[in-house]
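Visitor: One structure, as structure tokens, below. Some questions next.
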Amino acid sequence: MFSQILLFTINLLPANVGHFLCCLIKSIPVLKDFLPSPQQEPVTFSNRKGLQCISPLMRSVEETPQPILTKVKGHIPKWLNGSLLRNGPGKFEFGEEKFNHWFDGMALLHQFQLENGIVTYRSKFLQSDSYVTNSRHNRIVVSEFGTLAMPDPCKSIFGRFISWFEMPRPTDNCSVNYVVYKGDYYVSTETNFMRKVDPETLETKEKVDWSKFVVVNGATAHPHYEPDGTAYNMGNSYGKHGSSYSIIRIPPQNSNRDDMLQGAKVLCSIAPAEKMKPSYYHSFGMSENYVVFIEQPIKINLCRVITSKFLGKPIADGINWEPQYKTRFHVVNKHTGELLPGQFYSKPFATFHQINAFEDQGCVVLDLCCQDDGGSLHIYQLQNLRKAGEGLDQIYNSTARAFPRRFVLPLNVDSSVPVGQNLSPLSYTSASAVKEVDGTVWCMHENLHSEDLEEVGGLEFPQINYSRCNGRKYRFFYGCGFRHLVGDSLIKMDTETKKMKIWQEDGFYPSEPVFVPVPKATAEDSGVILSVVVTPLQNQNTFLLVLDAETFSELGRAEVPVQMPYGFHGVFVPR
Ligand SMILES: [Fe+2]
């Protein structure tokens, strides 16, 4: 997402030099960033004290390229055959140069292979161009989201000066997630580049450029899938007239082994509220017939991004929480590409991950994790995550917690609908959608939790029984509780009773829970939850945790004598 904006500017600038200069002049006030800024009172969202230092979870590690046997305690079900693939940062410096932001670390691919109750582990660094080039030069050559690469010190003074005016190339450090298109596995970040990988060997394969197949400059790392393999994703398109949000459909079948994303199409383009200030988004919702895009007040200031290198700032500095904007929901018909005329708004909130969306009685019901403050992108700088003592407590307490919320978006909002009336006919939710005088619809959420979720720090990294429930009515979702800056518990939430079940062990930090259904399951929660649990304690082991998804009790764990950093997302590949 971030570097792709710079790619766009290469095309944009020659045709818009005047506009560029205008932007540059407008951006001059940001020069104040070079001056000491007045101290601002940190906002406090919670009041925790004595947080454990998790610095070892954000340190570089060695890869484990050959599979090693884990020590299984308890019982790993024999039916559970396949691989849990996980992605996340695993190297945070090259030579003397260090990355600034957690998201900048080089992608380390993890694989837990499960077969007849036996578990092996291996990991390999993604051999991205970014990783290979940085390694070869033993310094950071490719800019990442929060780190601006410095000019080559071996260049002449003139060469170094000129390089400040060059656009950084987008990174292919695909550290966020695994995605599947046409049956092939890729790792993804949010730029225009993905890397194909072999899910068996973790070998890095072809580099794929979204913009070669469809007019977008990148895509999210959270596509949605139909049961037949059709995939949907979203990306921004940048052109001479500014930006637009594009919804993309990728067909399910490979016509031949080399066609990659051939056949991908932009289904719908949505104009941002401000063309030079589109919203940042990390994912989107999908029901059976609709895609729901949430335009949130985390804004990408394109003028700031265009001038970021010139100003010596990373791209991250051009992205900010601007709560003077409301959050807006856009609903698109998946079959026709039609953008529905209803204008749905809510109070400003930030969201990174949707939980699920489904249709009921002429409405789309959308469940997602929401924060009332969207400043957390900047909080996750490595210097913050590596703090200890009061400094760490302060960082945590200034980060808004994420809570699961339900919104209802009525699909038919015509002129005959009365102003001031709640348009939601759904008796099971208190979420409302009220038509305003100006014809817009004001949406109020329902909390998808009880007060006890606040005690475990809210919930993020939501997952569901995807193959059975995505786009359909459902009951259970799973996630991490956040009594720390990373997940420190696993939660199962019942959307009907709002009761939850929790797994937690002091000093251990579980990753995003992945649901795997038991073969021929009848119940929605009939299956297991897989989570990789890491610890900063040097005398304790990392382990793959297997929970019974119904009872949330531990079935077994597979201990690995290898330190791992805290990661982002993963998938289970059944065999
Ligand atoms: Fe994500």
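Here the Cβ of each residue, glycine as well, is placed from N, Cα and C on the backbone.
Given the structure is predicted, the values throughout are model-derived calculations rather than measurements.
Reproduced below are the annotations present in TrEMBL:
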BINDING   His222, His282, His353, His569  Fe cation binding site
Visitor: How would DSSP class His222 (Fe cation binding site) in three states?
Guide: coil
Visitor: Starting from the Cβ centroid of His222, His282, His353, His569, the recorded Fe cation site, name every other residue in that chain with its Cβ within 8 Å, sequence order please.
Guide: Val176, Asn177, Thr220, Ala221, Ser283, Phe352
Visitor: If you count other CB atoms within 10 A of each CB, which of His282, His569 wins among these binding-site residues?
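Guide: Going through His282, His569 one by one, the largest Cβ count within 10 Å is at His569.
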Visitor: Using all protein chains in view, find how many other C-beta atoms are within 10 Å of the C-beta of His353 (Fe cation binding site).
Guide: 20
Visitor: Taking the Cβ of His222 (Fe cation binding site) as the centre, how many other Cβ atoms fall within a 10 Å radius?
Guide: 20
